[in-house]
Amino acid sequence: MRFKLDGRIIFSKDVEEETQKDIVEVLENGDIFLKGVPEGKENEASKIETYEFDGKDLKLKMTSGTYTRAHEGIVRLKKPIMEKVGRKHQIGIRDVAIDRYVVTITAEPSKVSELKGLKVPECEVELEGEKINIVFENLGDGELKRNIIDRAIKFVKNELDKQDKDLTFEVCKIAPGTIVSDYKAKREITFDTDPTELAEPYGWVKRFPGRGQWFYTAPMAKLFRAFESLIIEECIDKIGFDECLFPKLIPLDVMYKMRYLEGLPEGMYYVCPPKREPEMFQDFVNEMMIKKEIPIEKLKTLLRDPAYVLAPAQCEPFYTFFDHELVDVDHPSKFFDKSGWTYRWEGGGAKGLDRVNEFLRGECVWMGTPEFVETVRDDTLKYAENLAEKLDLEYWTEVGDDPFYLEGRKTEARGIEFPDVPKYEMRLWLPHIKEERKGVAVTSANIHGTHFVEGFGIKDYKERKVWTGCTGYGLTRWVIGFLAQYGYNYDDWPELIQKKVGKLPEIPKLITWP
């Protein structure tokens, strides 16, 4: 996608020459738009093509690709401009206005022509060969905060996706996004602050240098372990899962068999083993000592080709355990793992404590007859909902629209059996998001049919049907959903959590932090 914007930042008074000079310093700092942009994608970030001062207005022409899109870029300018000139020149920003904004999506001309006559609220849609131009005019700060632009883009892309007959929609007997159950909290939820905004000032977390990673200090760790214990007691143990220790370094061949490499190749951390040549690494060390920087290019020459990924789904070792084995569906298997981190590369999508690249989960995986697999999936979801209700956490459960294992199957493969509903997703409400009702996904309950059974050559010794399923209890997200509804005041927490946590430990005592 490409974005082209004509807009204005409107100040509280005419912008004088000295003020203009300071603002120009901000405008010429391209790093403002690079935060959250993956390495190698810098040319996709916002770029100011031209600027002009006219009375109270700073007129801007901006372009971008898909990272730090132009409408996000113009908003991102407000804070550094005010930090530079607000107090110094006694000036404020009254509004951000977008006079004209063109979002261009490219697709096959035949697909574009199918959108003829498409009407999208708040904008015009223009079709031109392989281009779909979504044109907005006269948008203010209010429209930007209501995410009108993003919703319109999503709407048009969904119309395109319908033409592809996405396998999830083909397979699912209930429309993805359908809410199948919900629960309203009995108490009044008064806390409405993003928990990420308070976690660091309170000393519960500290930013780690890696993108999408955090250092969780003792109070947060205690809350994590409390939820881990509750999920095991209230959900996992009641169904009778056996704990195992799953590897987290997964060979690429395993991901290929899972078809994960087809579905989400850009969402994993790839691991390159080093060459066992100490003398070559000595050159690397010597250069680093002399230059006082890490010689990345030399390091690349010392690494073998990618051979592994860090576990992005956590259930991968389960299918490998049964690879080309004969099983007896009369003796089904139910394993769970909570032995370490799960890793997904979110790129620019990583934000706050709820969308991270490194997170904790309790992963349940099972295998048996289709009836057994469906019953277990329903139980894993039912007990998660029961736990939320015991804690008076407001939630809803919906039919998922993105079962991870279907990403690698854009068309239905002959002979593969799929369930009527591949995925249910349970979400805890996030009250601090005002524009729309948003929730953080805390439990994902999936049935794979014969997808993995076929991929790994697993058979029943009597040639009966074998299915698999998995449910992930997102420990990190359960904690964030809980804090979003209850806040950080221990006395406001439900008794069940207080008993599990016990006395909250103190935060580290430093002079300069938090």
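Numbers run from 1 along the shown chain.
Glycine residues also receive a Cβ, built from the backbone N, Cα and C atoms like all the rest.
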Further ATP ligand in Swiss-Prot, beside Arg344, Trp345, Glu346, Arg355, Val356, within candidate set Arg151, Arg187, Arg477: Arg477
Note: Swiss-Prot has Arg344, Arg361, Gly362, Glu363 binding L-serine, and from Ala313, Ala388 that site also includes Ala313
Quick check for the class: what is the C-alpha distance, in angstrom and rounded, between Val356 (ATP binding site) and Cys470 (Zn(2+) binding site)? 21
In DSSP terms, helix, strand or coil for Arg477 (ATP binding site)? helix
What are the non-local neighbours of Gly362 (L-serine binding site), defined as same-chain residues 6+ apart in sequence with CB under 8 A from its CB? Glu228, Ile231, Ile232, Cys235, Ile236, Phe336, Asp337, Lys338, Gly472, Tyr473, Leu475
Around the C-beta of Glu346 (ATP binding site), how many further C-beta atoms are within 10 angstroms, looking at every protein chain? 15
Could you tell me which three-state DSSP class Glu346 (ATP binding site) falls into? coil
From the Cα of Trp345 (ATP binding site) across to the Cα of Cys315 (Zn(2+) binding site), what is the distance in angstrom? 17
